[in-house]
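Listed in TrEMBL for this protein:
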SIGNAL    1-21  signal peptide
DOMAIN    118-460  domain 'Peptidase A1'
ACT_SITE  136  active site
ACT_SITE  344  active site
């Protein structure tokens, strides 16, 4: 059968939430390669409007000075970060090891642990000083490095000096905001000389500690006043040039939680795909702008042991349009906080419990038996040598969610290049625990909306 170039591209860019007439994608391997996402980004606000904050969202590899010798070099660095992130999440979300103090010390996940995959540029203070901040859907704290700095890591811009901001105001110990921090699981907190102080330490020795303050954050031309931020005076770790973290978790101290009615408890993002013409994705706050008409919605679940994280009710997996015989219990979030499926912007590769991963992998291998196999690479055990192929036929991969929603991924969201010799690997991996993590590779190119106020996550209808 002859497939026209237009038809191939149409399949490649078909919205993932649409009902596919075919159970296979026909793809051109060179179109799955890393492309526009890793070009230097033009870091400019996308726009603004009533009850809308909108920013460019770009991958860490688009930062100036981030050069790689090839796909394998980039992949090795990605998987190193990913491994640290997954180990940290597994430890934090394990009911067997859960302690309030331990969990609180790790909510603001360190960039060295993999959370620094996507960045935004935000103005801090009045007048605003632009800073790179990591977007982290698993964090509840907004924090930046601050002068005077007894210990700071290198960042791209000068460290923020509160003395130069007309809007900076320290938070007193007796304030409700400090009480919220003290009573929550967002960070270790305490009082010193009347100031509300926070301290966050990580399993790998990275840390940040300082004072809690109210400050103005500027997004393009929109200024948001009195945002509670951590002003870190002592910080350790490899933070890849970022000034701090923009926490977007489900807790009250995250940026979304603090916006409250201003954003209607909603935000959306679109992580730009490899091969896309757009060098950046988007991050949008505000119910009117962020909640699209035509999205398909899946209920969110709360894990009371980890209230910052967004859990979804996944019921099953499919390959080639056929649902696999995997028990729904494999993905269930228990009353003790074990298991479940977390959506995480800081993890790249989706992790699945062993039984679910084995079923998915084996079905995919069976449907691609005609393609030449290649040796496994790092955490990937299913790889293909596609050198010389103009196009290949691969089965669809789908997530089956509660409520009847089926999310069918574009081919580039599960088949990724691992070197410069046209070796591609199936981008899923087994989890060492019962926890499942839906990573950012599987989220790429899909508009994803979190309606935290109503407890839903939406997919589509737009792509990027």
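Placement of Cβ uses the backbone N, Cα and C atoms for every residue, glycine included.
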Arithmetic mean of per-residue pLDDT over the domain 'Peptidase A1' (118-460): 89
Proximal but sequence-remote residues of the same chain as residue 344 (active site) (Cβ under 8 Å, at least 6 apart): 85, 89, 137, 138, 309, 437, 438, 439, 440
Cβ neighbour count within 10 Å of residue 136 (active site): 28
